[in-house]
Amino acid sequence: MPELPEVETVRRTLKALITGKQIQHVTVRLPRIIQRPDDIQAFANLLAGHTIMDVERRGKFLRFILDGLVMVSHLRMEGRYGLYLQGDVLDKHTHVVFHFTDGTELRYHDVRQFGTMHLFQTGEDLQLKPLAKLGQEPLDPSFTLERFKEIVSSKSTKIKPLLLNQEYIVGIGNIYVDESLHLAGIHPETGAKALSDEQLEHLHQAIVSTLTEAVAAGGSSVKSYVNGQGESGTFQQQLLIYGRKNQPCTTCGTMIEKTVVAGRGTHYCPSCQRPSVI
Ligand SMILES: [Zn+2]
């Protein structure tokens, strides 16, 4: 599933490709992708004639900013957007097509069919589902060490599920949680309340640096992720721990182990990330 760096990369490429384009009409080939409004024809009718002003991001959601409307879209497992020319061969996994007045088309392609689109009037989307309950943006200047301590210290849970919970901090999924915990030398099953001030400082730094570097590399191309121009990211080559079971830790040479924490496959180094003694 794309996480913050991948969605941010898609956002940047789409912003460059489609800002200023006016929608002529919309074709919905798979109604279940459209979550709001209930009426698929209303979704298409509302968008017709509107111009894309910007593409923003909230957590792992894309926000297409139009004149008077906001379309919120989640790629879930394998959704992807691409810009095509009218007349290009249509793939059977293309579920929604936004036809622009200049003869180009934004196509939404999703083999797994789990992706979603919600359409709102301007000003509504951040107050309603699915964005309303989202937590702190980790790459926003407001994500200070103090803010991080405030979020973590009040929770009676293990640190990995806390970091995965989008109501606390957004955009971090399984890959970047494992990477951040490894970089900070913290065992994924450590209780949030058991973390020392020093560990919290290291973890805060690790989250920000891991996400920042991953964005700079265009995200990680694990599974079928590509950006809005069909290009792969390269951060998977820099991953220290994720997907490296039974390979030596780059810090200490100990074999990396894989276990399950909070129902998720979890990679860690048993030497660099020792469980805390409470
Ligand atoms: Zn190690």
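Using the three backbone atoms N, Cα and C, a Cβ is placed for every residue, glycine included.
If you look up TrEMBL, you'll see P2 marked as active site, schiff-base intermediate with DNA. Feature annotation from TrEMBL assigns active site, proton donor to E3, K60, R264. TrEMBL lists H93, R112, K155 with the feature DNA binding site. Annotated domain 'Formamidopyrimidine-DNA glycosylase catalytic' per TrEMBL: 2-115, in sequence order. Sequence annotations record features per position, and here TrEMBL assigns domain 'FPG-type' to 240-274.
In this structure, R112 is the one among the recorded positions K60, R112, R264 with the smallest number of other Cβ atoms inside 10 Å of its Cβ. Within the domain 'FPG-type' (240-274), the DSSP-based counts of helix, strand and coil residues read 0 helix, 12 strand, 23 coil.
Under a cutoff of 8 A between CB atoms, and with a sequence separation of 6+ in the same chain, the neighbours of H93 (DNA binding site) are H109, D110, V111. The Cα atom of R264 (active site, proton donor) lies nearest to that of P2, taking the recorded positions P2, K60, K155 as the candidates. For R112 (DNA binding site), the nearest of the active-site residues P2, E3, K60 in terms of C-alpha separation is P2.
Across the domain 'Formamidopyrimidine-DNA glycosylase catalytic' (2-115), the DSSP tally of helix, strand and coil residues reads 26 helix, 49 strand, 39 coil.
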